[in-house]
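Asks: Dumping the structure here so I can ask a few things about it.
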Amino acid sequence: MLLKGVRPYGEGDPVDVLIRDGVIAEIGNDLEHDGEHDGDVIEGGILLPGFVDLHTHLREPGREDTETIATGSKAAALGGYTAVFAMANTDPVADNAVIVEHVARRGREVGLVDVHPVGAVTVGLKGEMLAELGTMAKSSANVRVFSDDGHCVHDPLIMRRALEYSKSLGAVIAQHAEEPRLTVGAQAHEGENAARLGLQGWPAAAEESIVARDCILAQQVGARLHVCHVSTAGTAEILKWAKARGAANVPQAGRPGISAEVTPHHLLLTDERLETYDPINKVNPPLRTQTDVDALRRALADGTIDCVATDHAPHAVQDKDCEWSAARPGMLGLQTALSVVVKTMVETGLLDWRGVARVMSEKPAEIAGLTDHGRPVEVGEPANLTLIDPGAKWVVRGAELASVAGNTPFEGMELPGVVTATILRGRVTASRGRIDA
Ligand SMILES: NC(=O)N[C@@H](CC(=O)O)C(=O)O
Ligand SMILES: [Zn+2]
Ligand SMILES: [Zn+2]
């Protein structure tokens, strides 16, 4: 395959990139095919390492009416992703080797993106008994990220045991930080808007108190903690404090002791959208205030928050087109993530394209311990790549997205940045909005 006139990280003059046997073989000018096979030739664009999503809900097994590993993989490839981590809140829950091996095998069969199953921390996500982290880690799914996402590991002793166990496995615990006793019946950010609209509040303290506790536990144990979907300015401050404090005892050289992600929707949307009571805007943790949005953008730019993760959460029409308190929380994210990052971070000057590569590919891969994704765009590296047309714009239509579900909060928005090609080990998986099956 030959990429002609592309600009790695959007820097310097256009170059040609020759890919052979799934590896970047040559980078230079006026490169030609090596003759034996013509392969694809793709022209132009900004070349980045393929995106890695640490937080995706593929809904298989159990809710294939909203997404499957196949449709979710298509959405991921169209969004520029070459690897995704599929959360364990499936039905049955991915709290044992059989389920995680099924998800990994299905992902390989579909073959559009590397699907890495996340293992549950506790049996059934109930927060009461540790799941078999060891057998999931030793299974052919090679699980290295454990999370009860959708639920919080709220018992501090269980969380401490999970951190100790994950440390022995060289794994990381990804926490959905929500103190459940502070969010009983919570529907939206606890602030002026929820009060005025009569919606039960989801206080920032419910997230921040868990994050502070978990940072202290992780540093005491010397284990690795990843904070899911950071949503408040306060959590960003706690992360800055914890990272400064914990700089000394990084448990595994080269891999962050404490890391965190922010979602595209928390970088752009606020609780002003509650006005319409449209449950498309219902999400856990909830949309917060503009002050929070601005703080999250700054924290992502300065590295306090390590990466972007989509929290791609497909839901059926009947779980969204209903009255607010009955609706399921969650938003689609895989196909719109890059564009929202361009709109909120690149166009605002907070990140350059090297920064986009860091937060969407390099850091997620490092946190999860992937060795073949998030690599430099250099000769000898695996050809897991994403080509972007930065100047193009597109209008989001939920019905046109690859997911079975259509619950995008960006419906009708014109967004900047189009993924023109996604390449998985030298093979085009998606180009200009089409899947190259
Ligand atoms: N984010 C959400 O609002 N929902 C997620 C679960 C989660 O991430 O908490 C889901 O699985 O639907
Ligand atoms: Zn969550
Ligand atoms: Zn989630």
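Using the three backbone atoms N, Cα and C, a Cβ is placed for every residue, glycine included.
Pulled from TrEMBL, these are the listed features:
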{"type": "ACT_SITE", "residues": "Asp311", "note": "active site"}
{"type": "BINDING", "residues": "His55, His57, Asp149, Asp311", "note": "Zn(2+) 1 binding site"}
{"type": "BINDING", "residues": "His57, Leu58, Arg59, Asn89, Asn284, His315, Pro329, Gly330", "note": "substrate binding site"}
{"type": "BINDING", "residues": "Asp149, His176, His229", "note": "Zn(2+) 2 binding site"}
{"type": "DOMAIN", "residues": "45-232", "note": "domain 'Dihydroorotase catalytic'"}
Asks: Tell me the Cα distance separating Asp149 (Zn(2+) 1 binding site) from His229 (Zn(2+) 2 binding site), rounded to the nearest angstrom.
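Replies: If we compare the Cα positions of His229 (Zn(2+) 2 binding site) and Asp149 (Zn(2+) 1 binding site), the gap is 10 Å.
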Asks: Rounded to an integer, what is the Cα-Cα distance in Å between His57 (Zn(2+) 1 binding site) and Asp311 (active site)?
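Replies: Between the alpha carbons of His57 (Zn(2+) 1 binding site) and Asp311 (active site) there are 7 Å.
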Asks: Among His57, Leu58, Arg59, Asn89, Asn284, His315, Pro329, Gly330, which the record lists as binding substrate, how far apart in Å are the two most distant Cα atoms?
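Replies: Between the most distant Cα atoms of the substrate site, 17 Å.
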Asks: Pick out which of the binding-site residues Pro329, Gly330 has the most other Cβ atoms within 10 Å of its own Cβ.
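Replies: Highest number of other Cβ atoms within 10 Å: Gly330.
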Asks: Helix, strand or coil by DSSP: which one applies to Leu58 (substrate binding site)?
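Replies: The residue in question, Leu58 (substrate binding site), is coil (DSSP, three-state).
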Asks: Within 10 Å of the Cβ of Asp311 (active site), how many other Cβ atoms are there?
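Replies: 28, counting other Cβ atoms within 10 Å of Asp311 (active site).
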Asks: List the binding-site residues among Arg59, Asn89, Gly330 whose C-alpha is within 10 Å of the C-alpha of Asp149 (Zn(2+) 1 binding site), in sequence order, or say none.
Replies: Asn89
Asks: Other than its own, how many Cβ atoms are within 10 Å of the Cβ belonging to His229 (Zn(2+) 2 binding site)?
Replies: 24
Asks: How does the model score the domain 'Dihydroorotase catalytic' (45-232) in terms of mean pLDDT?
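Replies: Value for the domain 'Dihydroorotase catalytic' (45-232), mean pLDDT as a whole number: 98.
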